Amino acid sequence: MPDLSLSLITVNQTPLDLRGNLERIKNAVRLAGDKRQVICFPELSLTGYGCEDAFYMPYLVDGALKALLTLAKDTARLDALIAVGLPFRQNGLLYNCMALLHRGRVVALIPKQHLAGEGLHYEPRWFRAFQSAKGEFIASEETALDGAYFGPAVIEYGDLRLGVEICEDAWVAGRPAIALAGASVDLILNPAASHFGFGKYDIRKSIVEASSREYHCLYATVNLLGNEAGRSIYDGSRIAASGGTILHESHRFSFQDACISQLTVSLSGMRQRRQRIYSRKEEMPDDGGALPVIKIDRSSSAPGFGRDASFARSEDASHRSSSIPGYTIEIKTIIDDTQPSRQGEAIDTDAVRFNEFLHAETLGLYDYMRKTASRGYTISLSGGADSAACALLVERMIRRGTSELGDHFFVKAGLPASSPREATKGMLHTIYQATAQSSETTESAAAEVAAALGANHHRIDIQDMVDRSKGLVEGVLERSLTWQTDDLALQNIQARARSPLVWMIANTTGSILIATGNRSESSVGYCTMDGDTSGGLAPIAGIDKAFLLRWLKHMEETGDEFGPIPSLSYINAQQPTAELRPLEAKQTDEKDLMPYALLERIERLALQDLMPPSGILSILLAEKDAGQARWTTAAEHFTPDELKQAVSRFFQLWRSSQWKRERFAVSFHIDTYNVDPRSYLRFPVLSAKIEEDAGKNII
């Protein structure tokens, strides 16, 4: 009975770190063992996926090739077929390729045929999509590269036939898998660099499941891991399926440097099914689309890296730490490939998203901290929802990281080892900065949450700074500043007066200042430039306020694997407020703007679905009339004219605040879209009054 041994290895890489990236790949190959197997790493794992315009730099591309040849040399004694991603220059053009290595030689370089150019992706800016009818053999002075095949191909490795389609290749209609299935491949590898976003993992899993059924093969994907380049977070997932059944689904969002899923799968059942399914004979080309078959010579034999790096094999799925700190391995033997792996019970969407949000954010924060050689985070803790959410995420970063890595959590970050509670005291610095407009409610809320989390918390009164600034400007203008005539200026000076002190704390502690704004506020410019937007990282700027409020309530009452945080009740009992106007004004965010749930609905229709104001108004009215207005519990109280005003106000605030979004701190991509003009949504700083379309067609 023919068996396939497959290692899917995710790695947490850093753009341009060729030395470190190569070392992590080599360590992972060692841990995979010296048996005959197929080993697959993610897309562009040698250089990192997020190199941006550094892909234009010749020394990066040349360095990637040198790293590849080094990897080939160092794995020459293994009888493993190793697939690793890199940018490769051929005939003066740059391609996104997977290199296949065997016994010290580059057997083939498989180029990506369909480039991702939507949302966060700008691959067509740097790479050429391979569109030729045939490939070619490479002539090179490098012995290990000379004779390698460049182009789509079927690889024959002993009695195993396999092919590769890279990430986006699997998301299009005319995908490479069609020709590969026509060539009767047993295995299709899908190395990926697929960033996290709500709901995206389920889509990827369904593609794997459907591909294995439609193309009658073992279909396997491996994704990058961690916060690679600053904005995108990768879940490190490894998924394998056969005959429409998920065989393996790994854990996600690991804090490890690398995670290995090792599968041993019987191919007999799959081959028998492929042979007897008559419909396949009509649907698939007999010649596999004339794909060349690259046969790997396995005549030579030699021992591998050494027995000290191998693992005993188990019949059951298991998770274990390796002999190298920061690496884990999962082992699964599947004798009958028709039996699905155990999957967790389905849970409601909010619970799934709460869990994904927490895991993606905490991993993103950890990688951002250690890759910038910082010593923690500083937050201006206002007693409101946003800053509390950020503080909680930092604390959970420490709890999750130390739970998974132990003391290696601190080793990776270059910090002294300590208990999670002590680490939080040294790595999470919070400050409440009071003015005359600050209430006892927010001050006590900040103190209670900081104490519950174990933060290093302080209180400072900055009213003297506000008064002095106000007095100096009054002297320049030769008049008094009042709330009746200078409301905006008097609000903003308070926010800006908080910036210098919290920056100073961040500088003196070697920590990163967190800007606490969310996407809802960013989309309408409800923030003060050089005030609450101050910071080096804005981790929640990619998520809406309505979601954050629900998540904080969930963490108060239900919590995560470390339990709930009852002190969040001090936050959740409040109406969100900037607390910049006099207390008697009873300022709230939703009074200044609109209900956050309605704002999120308009924002999503406008920025994700790209609908005009008139179209959005029509949808809101239809949802209201049908009783389907989930965007607010008070929907029935909104008149058509009030909804029209809300839509118009959103677009007016959106277009007039683009200059602010151009200056925001680096933010994480979490949802299906974001408003960061440097990653997802570009918009002109100057534009027409599109809000005037709220009741009519735009032209």
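Don't overthink the numbers, they just go from 1 along the chain as shown.
Cβ coordinates are placed from backbone N, Cα and C, and glycine is handled just like the others.
Predicted automatically and left uncurated, TrEMBL annotations should be read as such.
Going by TrEMBL, these are the annotated features:
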{"type": "DOMAIN", "residues": "4-265", "note": "domain 'CN hydrolase'"}
{"type": "ACT_SITE", "residues": "Glu43", "note": "active site, proton acceptor"}
{"type": "ACT_SITE", "residues": "Lys112", "note": "active site, for glutaminase activity"}
{"type": "ACT_SITE", "residues": "Cys167", "note": "active site, nucleophile"}
{"type": "BINDING", "residues": "Ser194, Lys200", "note": "L-glutamine binding site"}
{"type": "BINDING", "residues": "Asn492, Glu521, Lys660", "note": "deamido-NAD(+) binding site"}
{"type": "BINDING", "residues": "Thr516", "note": "ATP binding site"}
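Taking the features listed in TrEMBL, we show where each one sits on the structure.
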residue	record	DSSP class
Glu43	active site, proton acceptor	coil
Lys112	active site, for glutaminase activity	coil
Cys167	active site, nucleophile	helix
Ser194	L-glutamine binding site	coil
Lys200	L-glutamine binding site	helix
Asn492	deamido-NAD(+) binding site	helix
Thr516	ATP binding site	coil
Glu521	deamido-NAD(+) binding site	helix
Lys660	deamido-NAD(+) binding site	helix
Spatially, and counting Cα to Cα, which of the recorded positions is closest to Lys112 (active site, for glutaminase activity)? Options: Cys167, Thr516, Glu521, Lys660.
Cys167
Between the Cα atoms of Cys167 (active site, nucleophile) and Lys200 (L-glutamine binding site), what distance do you get, rounded to the nearest Å?
13
On a C-alpha basis, identify the one among Glu43, Lys200, Lys660 that is nearest to the residue listed as 'ATP binding site'; the candidates are the recorded positions.
Lys660
Starting from Ser194 (L-glutamine binding site), work out which of the binding-site residues listed here (Asn492, Glu521, Lys660) have their Cα within 10 Å, and give them in sequence order.
none
Might you list, by sequence position, any residue in that chain lying six or more from Glu521 (deamido-NAD(+) binding site) with a Cβ less than 8 Å away from its Cβ?
Asp386, Cys527, Lys545, Asp589
Per 10 Å Cβ neighbour count, which of the recorded positions Lys112, Lys200, Lys660 ranks highest?
Lys112
Which has the fewest other Cβ atoms within 10 Å: Ser194, Asn492, Thr516, the binding-site residues listed?
Asn492
Let me spell it out: for each of the active-site residues (Glu43, Cys167), count the other Cβ atoms within 10 Å of that residue's Cβ, using every protein chain shown. Which one has the most?
Cys167
Applying the rule Cβ within 8 Å of the centroid of the Cβ atoms of Asn492, Glu521, Lys660, what extra residues of the same chain belong around the deamido-NAD(+) site?
Gly517, Gly525, Tyr526, Cys527, Thr528, Met529, Gly531, Asp532, Thr533, Ser657
Please report the Cα separation of Asn492 (deamido-NAD(+) binding site) and Lys200 (L-glutamine binding site) in Å, rounded to an integer.
39
Span of the deamido-NAD(+) site, taken as the largest CA to CA distance across Asn492, Glu521, Lys660 (Å, rounded to a whole number):
15
Write down the Cα-Cα distance for Lys200 (L-glutamine binding site) and the residue listed as 'active site, proton acceptor', rounded and given in Å.
17
To the nearest Å, how far is the Cα of Lys660 (deamido-NAD(+) binding site) from the Cα of Lys200 (L-glutamine binding site)?
29
